[in-house]
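Undergrad: According to TrEMBL, the record shows the following:
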type	residues	note
TRANSMEM	B:39-61	transmembrane segment
TRANSMEM	B:76-97	transmembrane segment
TRANSMEM	B:118-143	transmembrane segment
TRANSMEM	B:163-188	transmembrane segment
TRANSMEM	B:195-216	transmembrane segment
TRANSMEM	B:246-267	transmembrane segment
Amino acid sequence: MIEARGLTKRYGDRTAVDGISFTVQPGRVTGFLGPNGAGKSTTMRMLLGLDRPTAGTVTVNGRSYADFPAPLRQVGALLEARALHPGRSARDHLRWMAASNGLPVRRVDEVLDMVGLTDVAGQRVGRFSLGMGQRLGIAVALLGDPPVVVLDEPVNGLDPEGIRWVRTLTRQLATEGRTVFLSSHLMSEMALTADHLVVIGRGRILADCSMSQFIADHAASYVRVASPQRGEVADLLRAQGLDVAVHGEELHVQGLDAAAVGELVGRNGLLLHELTLVRSSLEDAFMTLTAASVEYSAREQTPAGALR
Amino acid sequence: MTDTVTLDPHRNVPGVRRPGFAQTLRAEWIKFWSVRSTVWSIVALVVLGAGLTVLVCATSADDLADGSAGEAAGSFITWGMTIAQITAIVLGSLVVTSEYGTGMIRATLTATPHHGRVLAAKALVLTGTLFVVGTVTAVLGYLGGNWFLEREGIGLALGDEGVLRSLLGSGLYMAGIGLFAAAVGLLVRHTAAALAIVLALILVIGNMVVLLPGAWGEWATKLMPGNAGGVVATPVSFNPDLLDPWVGFGVFCAEVAAVLLVGYVVFRRRDA
Ligand SMILES: Nc1ncnc2c1ncn2[C@@H]1O[C@H](COP(=O)(O)OP(=O)(O)OP(=O)(O)O)[C@@H](O)[C@H]1O
Ligand SMILES: [Mg+2]
C-alpha cells in the first residue's frame, strides 16, 4: 500500500505537486494519469526518496522509503528518465543492483530471462533501443520480487507485443496481491490495465476512483440512432425530455438506454435503421476532466493559418 | 476491497536479510570495474606514472651524476606521478559525475537510500584502488628509473632517506587527490566542470600563488592541496620551501576531508 498525505513539492516558486493525498491499494492496478507536467514523475520520485517533499509525507506499507533495509525487496521502480550508465552492460547493471540489496546473482539471470534480454545481457546498454531500455528498467523493478511496483510510463517505446506483455505482467502482479502503481499517457492501454485511477492536473488530485466510475462520471455514453424519419424521432425524444443532438444523419441521445429508446420509437410507429449504445472511452473522460488543467497544449493551427 | 496482503519479501528470492555496508561496498566495486573509463584511467596512470619516471631518469641520469642538473636524483625517481595524478583526478571525478551525467545516481539511491553509506563505499573503492595502483606504479617507476641511475653510480636504495616513504606516499597522494576530485564532483555534479576546477587548482593556481606578495605567497604555496600533499610522494622536493612530507600530507588530508564534508552535506540535501 502506498499512502500520500498532503504531499507537496515546490521547485523555486513553481509548485509541481500541490498537497495531494491518495492511497494506492494492494491487489489491483492503480493508474496514475495527468497531462504533461502534472506532477506524476515528481510524485513517484518523492515516493522513492529521491526528491525531498516540501511538505507532507508519502509512505510505502507505512514506512518511508529510506527506512527499508533492503528497499529493492519492498519497492520495484521504473523511473521516467533512464537511470543507467550507457557504458555498462545490462547484466552488470543488474549485478550491482542485486549486490547492493544482498540478492543472489541467479536472480539477475531470472529477471533477464523474464524480460527477454538474456541474449543481449552482455551488451552495453548505450546501444539498446528505447524498448530494450524499458525492458531492462522493468527487469530492475522486478529484481527484488517486490510487493509494491511503481512504473513511470512503462510502455513508452515498447512494441505492441511488449505493451501487451506489460499489461499481462502488471495484471498478474496485482492478482498476486501486490500493489501496482503505474503512469501512462496511452489511454486505451490504461483502460485495459487499470482497475483504479488517480488523476492529477497542475499538481492537484482531480479524481481518485474506480475506472468505471471515472468514465461514468466524466464522459456520458449515448445512444446513436439512425432513422429515415429523423426529424420525427428527434421531436418524439425531445418531447420526453431527452437530450438529443443531431450529427449529420445520426442522432445522439442521452438519458435513456438503447432498449428504452427502441421501444419508445417502436411504440410510436417510427422506423429505425440503427440503434447503438456508444460507450465513452477513458480518453473522452480524461480529456473532459483535464481540459482545464492542461499546461502544455499544442495550439490548433492550420498550415494556412501559420502562413498568414 | 482487497485486504492488505503482506508478502514476505524473502519468499521467492532468498538472500541477505539486512544488507549493510558490505553490500553497498560490493555494489560500488562492481560498478567501478564494469565501465571502461576505470580501466583506461588506471592503464593511463600506470603508463604515465612509471613510464615518465623511467624516461626522465634515463635522459637526465648523466646530468644528475655530474651535477650539471643542479637537482637531486631523489627529485626524479617518482617524477612521473606528478603527471599521473591527472588520471587519478579524472577517475575520481568520474566516479561521482558520471552518475549525475547519466541519471545513474537515481538507481544508486533507490538501491541504497543512505547517502553517507553510498559515499563511504564509493570513497573506499576509489581510494583503495588508487592507493594500490599508485604505489605499484611508483615502485615500477623506481625500479625502471633506478636502473638508469645506477648505471651512472647514483642509484637510490630502498633504505635511502625518503625513498620507501615516497613510494607509499605516491599511493597515498593518488588516493587523496582522487578523493578530492570526487568531492568536487559532488559539489558541481558535472564532469567537465569538476575536472576544470581540480586541474586548475592543482596544476595552475598551485604554481601561481607564489606571485602573491611576501608571506602570503609563501604560505599559499605551502598550503595549496597539490603542493602540500605532493611532497610525501617524492624523496626530495624540487621546491625546498614546501611543508615537511607528513605535515604537508596532514594538511592535504584535512583539506580533502573539508571538501568531502561539504560535498556530503550537499549530496544529502539536494534532490537526486
Ligand atoms: N528538478 C526539477 N526542477 C524544476 N522543476 C521541475 C523539476 N522536476 C519537475 N519539475 C516541474 O514540475 C512539474 C511536474 O513535472 P513532472 O515531471 O512531475 O510531470 P509529469 O506529470 O511526470 O509529466 P509527463 O507526463 O510529461 O511526464 C513540471 O512543471 C516540471 O517542469
Ligand atoms: Mg513524467
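Note that Cβ sites are derived from N, Cα and C of the backbone, with glycine treated the same way.
Remember, TrEMBL labels are computer predictions, not curated facts.
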Undergrad: Which one of these stretches, B:39-61, B:76-97, B:195-216, has the most C-beta pairs shorter than 8 Å to the transmembrane segment (B:163-188)?
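TA: Ranked by Cβ pairs under 8 Å, first place goes to B:76-97.
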Undergrad: Go through the chain and flag residues at least 6 beyond the ends of the transmembrane segment (B:195-216) whose CB is under 8 A from any CB in it; none is fine as an answer.
TA: 85-86, 89-90, 93, 177, 180-181, 184, 188, 224-227
Undergrad: With a Cβ cut-off under 8 Å, give me the same-chain residues at least six positions beyond the ends of the transmembrane segment (B:39-61) that come close to it.
TA: 33, 69, 73, 76-81, 83-84, 86-88, 90-91, 94, 129, 133-134, 136-138, 140-142, 144-146, 148-149, 151-152, 154, 170, 174
